[in-house]
Amino acid sequence: MSNVSLSASAVSRVMMRVCWLVRQDNRHQRIKLPHLETVMVGRSPETKIADKKCSRQQVQLKAECNKGYVKVKQVGVNPTSIDSVIIGKDQEVKLQPGQVLYLVNELYPYIIEFEEETKSPGLESHRKRKRSGSSDPTERGADPEAEPSTGLEPGSNPHQCSVPPKKEKDASIKKESLGHWSQGLKISMEDPKMQVYKDEQVVVIKDKYPKARFHWLVLPWASISSLKAVTREHLELLRHMHAVGEKVIADFAGSSKFRFRLGYHAIPSMSHVHLHVISQDFDSPCLKNKKHWNSFNTEYFLESQAVIEMVQEAGRVTVRDGMPELLKLPLRCHECQQLLPSIPQLKEHLRKHWSK
């Protein structure tokens, strides 16, 4: 009995949990974050980031492997953010599984993954990877909605942004919001109060931070982390998601004069594949910056039908290189292609098209 006890104890002593920093667009190999060790990440050959706005020591990371999070300290001058909430120079916050760390200026998205390693004498190491973004270990963080997307709270006005006003001095609000979305879309899609429509295959919720008067997300119940995980086996599901999106438009916005688009972000920032159903008025206080606009009005936004055709022909979804650069393009009206210098001027310009 004592020998068995000692053997089990020996095995437990070599069981350890490790953390990895993973670039969402897979531009480079993942970076190991040893438990309680400080790791500096920024512009370097390792990250393949050449952007001069990103410092060589942009962030300081320290993994709390036993607690399941990473402490992130912004060291560089330009803003680092988590789920589009800016950390602030020399400020430190926690990065949870399911959240997306944007290294600088809401570019270069990273997520964290935890693995359990067990090393037994005379045996190879056994690893159990925990995917980020959900309580389901098969899922992985995957929309640069500039804020994380979930359903609206009960009683919310779908035409109003539910983001609270910015209070630079109130750091506690920022930190609270970082933790609140740690489970991504999974919680919202399973909350009956947030559901607009559901059937055996999909559920529809209103985007927590709508970028237009009408902005819904269609999500499959099946655990599909992102478009990269989609295969021909999912073709019927993709078609059903598209059909449900069109049904929601007819049921809830049938009298709207605005046209709609259905599509996916090329590099989403939240776990669980989701189809955007969005009206083209872009009349929302949540539409705040160039990244928001370009994520829906450049090739960064993949049309639903185009994705279906791609999967039908190639068996998978291919996203070309350089997608993050599209988010930095000049602001251009999606109706007449006129260039506008700022978001306020773009919004004022868009009003001219509403009456047409």
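Every residue, even glycine, has its Cβ placed from backbone N, Cα and C.
Here is what Swiss-Prot records for this protein:
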REGION    1-110  region 'Interactions with ADPRT/PARP1 and NCL'
DOMAIN    38-87  domain 'FHA-like'
REGION    121-175  region 'Disordered'
MOTIF     126-131  motif 'Nuclear localization signal'
MOD_RES   Ser132  phosphoserine
COMPBIAS  165-175  compositional bias 'Basic and acidic residues'
DOMAIN    182-287  domain 'HIT'
REGION    207-211  region 'Interaction with DNA substrate'
MOTIF     272-276  motif 'Histidine triad motif'
ACT_SITE  His274  active site, tele-AMP-histidine intermediate
ZN_FING   331-353  zinc finger
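Break the domain 'FHA-like' (38-87) down by DSSP state and the numbers are 0 helix, 20 strand, 30 coil.
The number of other Cβ atoms within 10 Å of the Cβ belonging to His274 (active site, tele-AMP-histidine intermediate), over all protein chains shown, comes to 30. Helix first, then strand, then coil: DSSP counts for the zinc finger (331-353) stand at 11 helix, 4 strand, 8 coil.
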